[in-house]
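Trainee: Below is a structure I'd like to ask you about.
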Amino acid sequence: VARLQKIPDGDNETMIPVLSSKKASELPVDEVASILQANLQNGLKNCEVCHRRAFHGWNEFDISEDEPLWKKYISQFKNPLIMLLLASAVISVLMHQFDDAVSITVAILIVVTVAFVQEYRSEKSLEELSKLVPPECHCVREGRVEHTLARDLVPGDTVCLAVGDRVPADLRLFEAVDLSVDESSLTGETAPCSKSTAPQPAATNGDLTSRSNIAFMGTLVRCGKAKGIVIGTGENSEFGEVFKMMQAEEAPKTPLQKSMDLLGKQLSLYSFGIIGVIMLVGWLQGKHILDMFTIGVSLAVAAIPEGLPIVVTVTLALGVMRMVKKRAIVKKLPIVETLGCCNVICSDKTGTLTKNEMTVTHIFTSDGLHAEVTGVGYNRFGEVMLDGEVIHGYNNPSVSKIVEAGCVCNDALIRNNTLMGKPTEGALIALAMKMGLDGVQEDYIRKAEYPFSSEQKWMAVKCVHRTQQDKPEVCFMKGAYEQVIRYCTSYNCKGQSLPLVQQQREQYQQEKTSMGSAGLRVLALASGPELGQLTFLGLVGIIDPPRTGVKEAVTTLITSGVAIKMITGDSQETAVAIASRLGLYSKNSQAISGEEIDDLDIQQLSQITPKVAVFYRASPRHKLKIIKSLQNNGAVVAMTGDGVNDAVALKAADIGVAMGQTGTDVCKEAADMILVDDDFQTIM
């Protein structure tokens, strides 16, 4: 949707619209530039930037000034039970019962101070969200590339992106060279997204992951370079939508807090009732009304359990200490009790149920062998199993040729279990490490390279063996099966190249389809003397697999009567595949998309959510709606997550649980509890 803004220009007024990322992605670049009155090559003039900023504001999030600490402290006394205890303390002083007054006052101060400290520590999520906007960027203005503050950007500016840059605003890309952007913090999509400049059809443009010509604020450039027109700044960006939802969302009271509030109100009513009854009885008996009032007040004060708040606080504090021993940090005392009341857990997939480390789990060789790969993540822990036997080194030429090609045709590095490069390439390096073939990368000298692009969907390198430099060069290729097979004229059969016939092509296509339907990301590999004369080697299936111990935890929780629901930004195939592995999804289970959620109101969604196991292509807005619908059914809901896209749902849930190691700062600040070692089993 385009919203018009008036931009004064001398004596004239120009209408400049604010474009949504959805609308901008559907339009050709020239039309976007025309609407925003932008100059792609020379950028905006400085005077025009000032005019636009007057209407659009700064490219930052407007965080309201904090209340003074003393006001926050005073607000803790608004609790009904605390107010009742205060009244009791005042009455005790008036009746010269100073011992009671002192003990009640001490109890109040302890409880209020603990509550104040807990609340103060948990109010930083909006500040952390604003830190995701980079402080500086490269912007084209008046024909020059300037190093400028990101907060200075306005719609219509031209921004340059390079590897390692965090995107400073929502951009409609008009130049993209091998551009790959990590959007996991915003969308939950595991793999970096390849970007292009072509307009997106409206029918395929429903969720953020499908907008391949938009670079979103706060996301990270992993590969390539690009230029784009600023279409959304500050709160008018997609990240701004998350910010506004975070501002609007109030953390719900815990069941214990609700019970204590109710108890305070009931005790107040009972106290006034006691005073009234005693005064009435005394008046009927002809006794002095002031004496009866004094007796009534004394009985009412005696009936108030002034020790209850401090007993509850101490009990919860002991619970917090026990949770610390389980490697869980609880930020608010009442959350300990809420965890015990929880009957629904909504969990993000990427980084929570899974490790957010792409891993090869299946190998299909061109001569029909199926090998399974164990282990998770970017390390050498795991084995390649073929018919129950461990494959290592070159003892199976069909498997080793695939592993060798994936390792050589690769730009990633793994050092100390840390990936430097693309996750998919990291998975291939980890596979080579498990086979003991990771050193093969050093055995070849790269002579030429054909880099991956979103248009061609393959990468190739030309190499010569370091010890056989007089021999012909060898070409290694990896990429999408449909593209790689076009360059192949033969296939590998136990180390020998045989002519590739239609029967093999059909078999490989079926295998690729089968692996894809199981939620695997499929890569084809080939090698040979020249492009167009390659030997097809086989397929590898890559997925972000479940964390160790999660399946057992899920089984225990379900057996205990706790419903578990997966909410992810990933595709249906990937989400269902992981859910099936964890025991969350069966033939009778349902899975619905974010688009379907948009078509339902909160009441309709409340009727469906108990039956749904998997929510896929879900945005932060969808996650919030799911949480609300479950709470609408009376459920006590826990939400687990690790990304910015989970922060709103974490805040809205009865208990928000963040991952300590992989979780973003925004996520940790929005949560009520942090799992220090990311162990899902701790929730039990």
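Placement of Cβ uses the backbone N, Cα and C atoms for every residue, glycine included.
So TrEMBL has the following annotated:
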type	residues	note
DOMAIN	23-97	domain 'Cation-transporting P-type ATPase N-terminal'
TRANSMEM	77-95	transmembrane segment
TRANSMEM	101-117	transmembrane segment
TRANSMEM	267-286	transmembrane segment
TRANSMEM	292-321	transmembrane segment
Trainee: Express the predicted model's confidence over the domain 'Cation-transporting P-type ATPase N-terminal' (23-97) as a mean pLDDT, rounded to an integer.
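Mentor: 84, rounded to a whole number.
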Trainee: DSSP helix, strand and coil counts for the domain 'Cation-transporting P-type ATPase N-terminal' (23-97)?
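Mentor: Breakdown, helix to coil: 47 helix, 1 strand, 27 coil.
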Trainee: Do any residues of this chain, six or more beyond the ends of the transmembrane segment (292-321), have a C-beta under 8 angstroms from a C-beta of it, and if so which?
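Mentor: Residues 81-82, 84-85, 88, 91-92, 95, 97, 100, 103-104, 107-108, 110-111, 114, 256, 260, 263, 267, 270-272, 274-279, 281-283, 330, 333-334, 336-337 contact the transmembrane segment (292-321) from elsewhere in the chain.
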